[in-house]
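Peer 1: Have a look at this one before I ask anything.
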Amino acid sequence: MLQNVTPHKLPGEGNAGLLGLGPEAAAPGKRIRKPSLLYEGFESPTMASVPALQLAPANPPPPEVSNPKKPGRVTNQLQYLHKVVMKALWKHQFAWPFRQPVDAVKLGLPDYHKIIKQPMDMGTIKRRLENNYYWAASECMQDFNTMFTNCYIYNKPTDDIVLMAQTLEKIFLQKVASMPQEEQELVVTIPKNSHKKGAKLAALQGSITSAHQVPAVSSVSHTALYTPPPEIPTTVLNIPHPSVISSPLLKSLHSAGPPLLAVSAAPPAQPLAKKKGVKRKADTTTPTPTAILAPGSPASPPGSLEPKAARLPPMRRESGRPIKPPRKDLPDSQQQHQSSKKGKLSEQLKHCNGILKELLSKKHAAYAWPFYKPVDASALGLHDYHDIIKHPMDLSTVKRKMENRDYRDAQEFAADVRLMFSNCYKYNPPDHDVVAMARKLQDVFEFRYAKMPDEPLEPGPLPVSTALPPGLAKSSSESSSEESSSESSSEEEEEEDEEDEEEESESSDSEEERAHRLAELQEQLRAVHEQLAALSQGPISKPKRKREKKEKKKKRKAEKHRGRIGIDEDDKGPRAPRPLQPKKSKKAGGGGSNATTLSHPGFGTSAGSSNKLPKKAQKTAPPVLPTGYDSEEEEESRPMSYDEKRQLSLDINKLPGEKLGRVVHIIQAREPSLRDSNPEEIEIDFETLKPSTLRELERYVLSCLRKKPRKPYTIRKPVGKTKEELALEKKRELEKRLQDVSGQLNSTKKPPKKASEKTESSAQQVAVSRLSASSSSSDSSSSSSSSSSSDTSDSDSG
């Protein structure tokens, strides 16, 4: 009896899953235990029902992978889908359930084909690509879309298979974002042995379909193509695979479902541009294939893409490979021209280039992909996009501008990147997923941009610090003297040329060169005499208006904008006294640096005043010694003018290091806000100090400088208020040059020494009169002007 039962039992073993039998019966390959005689009657009805079950409907035929009647072709986009997209998905660890059609019979899913009317899997798509089944890339993308959608329709959202499908779909969308924008047909010549290869491929593809099959593997899209309510059987709840995807990812992928319905309404007449919908923030918030291709859009007719194929350059027919448009001859020459035009990136732009590479890297691709390419508003049906966004921007444009060296500095680069993000925020609602992606990417950008290295800057004006050592103050004042007036610089160049030529003449023994050199120097001497005579006669006839000018200048100082001060300076008097200071520095050695500070009004304050002071230009300097006042209190409370503050800052820098401690003590004693500051390094802003503090500083500085043997205030005198004084100083400067030229004449040749001695003695007399004139009042200065002019006439006659 037992022997008769066993053969009848075995045929039903393969259908145990469908019958709902116990796990022992369902397990394939398990030995059937011998039933006892007790249950003989129980098993006999089962035997009778086996033939009926064998009549159950089998799986429907798989989707076709080739159709001779349906024209297919090879395009650049289809080739990209085959070689790049399919290759990446096929090798993924979650791809195994999607590599072959769903075997509903084997998996015990009797309702699968009732719910899913159009099954699709990656194996079918792969074989269709290999057989050139598709006419356009949009058809292939529609098949991917169907596969993912089927999976979402049939299974519960919490099932592992759904999470696996979402992961694959995300990778699919990222890859499609980099697909060529314009679809072009590629002409492929079939080699002679293609039939053998095709047979091998068919055999290989046939073996793929016999692989292990898994339940409920379908397809992805948040907009369901089929509306029947999903009836989810409990048999699909647990899929034996270790990988589980986090729930935040699931939420992020599901969150943008409803808004994408609007995108899917894009006109289906542009299937090759549909892929761009995946790429852009304003168009598709979450990576969903609805943006790629509207569900239910008709397949592209065979002739729809013919014009684009006609644009291709002529192909070589003897090659079996798909030939791409020529990219060697023309781009090479262009690259050579571009490389010659491209300059070296600055340090900051190199950092920006690194930021750009990071934004385009795979590390951030999950939320950066919508920003890779420009928004294709027409393909995505965003008809108001360019009305709202006037200046579109994307990372590919930024990259192109960076490669073409269009960015002059890092600020221009940052402006374009921030424009891209602001466009996203402007066009999309705040709760849109693409806005969240933009914020995440912008965080990456701002974090990296904050680490921007500083460009090596030219040394600028130093802030005022009373703790600066005198040597540092000297160097800053000397740097300011280099920016003196054009007149003084030209005169200095003449003198330097003279000195250089003098050295050359000394080194040469030729008598002719010495004679020629002597003639040149005498010519220069004559020109200096003429200039001196003209200056000494000019300003004497003009009346004095010193007091009126002082009052006018005070009023104008309060009213004028800082930028107009330089104009007044040109109107009120010549820039003659400026050349005097460089001369003094040559003659006086170390003390000359203090005089140099005054050589250029705009920059002289850099060593001795606050950051505010250098912005103004000096008009005139007040009398150095404080004038008499009725009372000491009145003097202390009298506010200090800008020129006085500037002069005070210059004087402080002239003090030796041991005197600066007292300056700090005066400031800290009279200014409560600075009492806690570090005495080693204290910054003085003269605009914030009290008038009494400034007057006390002025008194102390004057007392220190008055003790010195050289008279420092004669240097400040040239910045006088009247044109007479300016002309006088110009004349003295010319006398000084005359003396220098005379010295050169002496060194050049011995015979004319008598004449040069005579000239030098007269110049020395002039120098004595200059010292006496500078220490006297304004009245005596005018008298010294006449005396110096008489000296000049003597020197001319000599």
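Placement of Cβ uses the backbone N, Cα and C atoms for every residue, glycine included.
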Peer 1: Among Asp111, Asp121, Asp143, which residue does Swiss-Prot annotate as binding protein together with Tyr154, Asn155, Lys156, Asp159, Asp160?
Peer 2: Asp111
Peer 1: If Swiss-Prot marks one of Ser489, Ser631, Ser778 as phosphoserine, which residue does it mark?
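Peer 2: Checking Swiss-Prot against Ser489, Ser631, Ser778, the phosphoserine entry points to Ser631.
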Peer 1: Looking at Ser247, Ser297, which residue has the phosphoserine feature per Swiss-Prot?
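Peer 2: Going through Ser247, Ser297 one by one, Swiss-Prot flags Ser297 as phosphoserine.
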Peer 1: Fewest other CB within 10 angstroms, which one of the binding-site residues Asp111, Asp159, Asp160?
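Peer 2: Comparing Cβ neighbours within 10 Å for the binding-site residues Asp111, Asp159, Asp160, Asp111 has the fewest.
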Peer 1: Quick one: DSSP breakdown of the domain 'Bromo 1' (73-179) into helix, strand and coil?
Peer 2: 71 helix, 1 strand, 35 coil
Peer 1: Within 10 angstroms of the C-beta of Lys156 (protein binding site), what count of other C-beta atoms is obtained when all protein chains are considered?
Peer 2: 16
